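Enquirer: Here TrEMBL flags 8-122 as domain 'Tetrahydrofolate dehydrogenase/cyclohydrolase catalytic'. If you look up TrEMBL, you'll see 141-279 marked as domain 'Tetrahydrofolate dehydrogenase/cyclohydrolase NAD(P)-binding'. If you look up TrEMBL, you'll see 167, 168, 169 marked as NADP(+) binding site.
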Ligand SMILES: Nc1nc(=O)c2c([nH]1)NC[C@@H]1CN(c3ccc(C(=O)N[C@@H](CCC(=O)O)C(=O)O)cc3)C=[N+]21
């Protein structure tokens, strides 16, 4: 049997990120600014409601402000964009997060594009994505940034390693692939049409699961000693990784809960504080 698997503790990593934020929030408050995140939830999906509530509470705990905007399931693209435009022009709001997914009648891309780049703390705009592709994003997407933060916190090397990313969504799989590439990993991006998925995952020194299917990544797919990062958030706090089976193979693994999730939220707060600082110190 191999050495004991390292459990990558997202709560610890998140606490490290949040530790320096309290002082930065206090410094802003001395200037009369309270960093404020606006979250927009469209529709009534209960787990989405939970996530935005968690984001709001995390703001309060750090002495930040949050505005929760909840729009009905029948909202049109135009109505949503009008709300975003209002927040863009509101000097009291520093960051805007539009919770994904939105109801099918909404053009999500158009709505993301409406977010002002200076308030795009979740890196969802095309410009934010492109900046990230060049390693120049001020606010890369929060979950991809969280995955990198966990690897960095535990000093797990990326350079020269084969990273296999399962999933290619615009705010998760695709940006994390580019971030790993920018850190000199060799990256394979897999998706629903990939043939021979198990064999590809088995080549991964680093495996990032970002598919949105509960316990999808099998233990037999994971190479002995691989580092496994689970960005899944399925119903009932189940990740995209078959945890017990992958734990037995991996050298390091993120659990769900208390893995990538808390670091995602800490990253969002960090970006919002940075956006507020930018307004105050470089108006
Ligand atoms: N524009 C956008 N940006 C996002 O970052 C985004 C999004 N849309 N849509 C939904 C997903 C989901 N997501 C989570 C964040 C934290 C936890 C989290 O912290 N979960 C806790 C457990 C949750 C619980 O206890 O119920 C944990 O893993 O320990 C989960 C899920 C961000 N997302």
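Cβ atoms are placed via backbone N, Cα and C, with glycine included.
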Enquirer: Go through 167, 168, 169, our binding-site residues, and report the one whose Cβ sees the most other Cβ atoms within 10 Å.
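Expert: Its Cβ has the most other Cβ atoms within 10 Å: 167.
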Enquirer: Find the average pLDDT over the domain 'Tetrahydrofolate dehydrogenase/cyclohydrolase catalytic' (8-122) in the predicted model and report it.
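Expert: Over the domain 'Tetrahydrofolate dehydrogenase/cyclohydrolase catalytic' (8-122), the predicted model scores a mean pLDDT of 97.
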Enquirer: Quick one: what's DSSP say for residue 169 (NADP(+) binding site), helix, strand or coil?
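Expert: SS state of residue 169 (NADP(+) binding site) = coil.
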